[in-house]
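Heads up: the structure comes next, in structure tokens.
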Amino acid sequence: MCQSPLHDFLAELPKCEHHLHLEGCLSPALVFKLAAKNNISLPTPEENPIYESVETLSKRYEHFDNLQDFLDCYYRALDVVITQEDFEMLGWEYFTTAHRDGVKHAEVFFDPQSHTERGIAFKTVVDGFNAACVRAEKELGITSQLIMCFLRHLPAKDAAETMKSAVSGGYFEGEQRIISGLGLDSSEVGFRPELFTEQYLQGEKLGLHRTAHAGEEGDTTYISGALDSLRAERIDHGIRLTEDPALMQRIVNEKILLTVCPLSNVCLQAVKEVSQVPIKTFLDAGVKFSINSDDPAYFGGYILNNYCAVQKAFDLSKEEWSTIVKNSIHGSWIGEKRKGELLGLLEECLSKHA
Ligand SMILES: Nc1ncnc2[nH]cnc12
Ligand SMILES: [Zn+2]
């Protein structure tokens, strides 16, 4: 619990999360639990001392030099996630914590290639994560959607294979499609969005939503590239947008939502402290954004910790929070009925804390 007088208000706000990697919910405790369950030997202390215990692994996560340093740990830890049940467990780890933090709707990323590369079937991954989504709606009332990300450090032909698996498995079909959007993540600099134009245009033709990580470490041309070539409807991170005022105005005019992840930006050294994330600049300029947790098992907190860290750094008013939450509801890929329900919950929260 944070020290802010607005803590209860922040906790009760009906939150939409748009930038959450399900694989980023793999806590050190869950790494050891799944390793034991699946009879997987983790590296010995001689091979890699960080895997000695939950404590040593947690300690390793206390400092990352940059995005790549983090990604190296993140991909390595995934070796323990094998069965459909494991993927469901990982998804459930997210939803139970998100529920505690007041999340009502979540559009969550997953990286099929980080599993298919290890010989896990595409179906095992998606069916496991989807089972967690179905259970979250039934038991916790959280609505959700799955966003399939391409790993940008792998060749586009691998992304094309991943698209094929999703199409042939029927995962894009129907009104209630199991995968509703495409995303692009992993190492940004040097892996330009334009490389994945073909897959995104295919996705658009199939009626999929589109978002992409851009402007986390990469310069603003990664943001414009994602808009122009990938026809992205949202930009994940986008914090370097302030370096190009004309592009910032375009983002405002086109009502593009940025999915900002303050604690992640600090942990990966994109900024020194939360106060350097351009929250106030975006609010004052009319840039729409949501606040999200990215990889909570690695970055010291889930969504409420991110809301509290922003409050500590910026001392926002309830009106400003109301704007942030309204924009995150309107920027969600949901129908008018669900939007109306979430706006109703926001009104209740605002009246209770008036
Ligand atoms: N913050 C991040 N940026 C790029 N790729 C990621 N994959 C998981 N977290 C990521
Ligand atoms: Zn991310």
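Note that Cβ sites are derived from N, Cα and C of the backbone, with glycine treated the same way.
Annotated Zn(2+)-binding residues in TrEMBL are His19, His21, His213, and among Asp127, Asp294, Asp315 the one listed with them is Asp294. Nearest in space to Asp295 (substrate binding site), taking C-alpha to C-alpha distance over the recorded positions His19, His21, His213, Glu216, His237, is His21. The separation of His237 (site 'Important for catalytic activity') from Asp294 (Zn(2+) binding site), Cα to Cα, is 9 Å. Under 6 Å, Cβ to nearest atom of ligand 1: this is the test, and of the recorded positions His19, His21, His237, Asp294 it is passed by His21, Asp294.
Long-range Cβ proximity for His237 (site 'Important for catalytic activity'), meaning a same-chain Cβ under 8 A and a gap of 6 or more residues, is found for His19, His213, Ala214, Gly215, Glu216, Leu258, Thr259, Val260, Cys261, Ser264, Asn265, Ala270.
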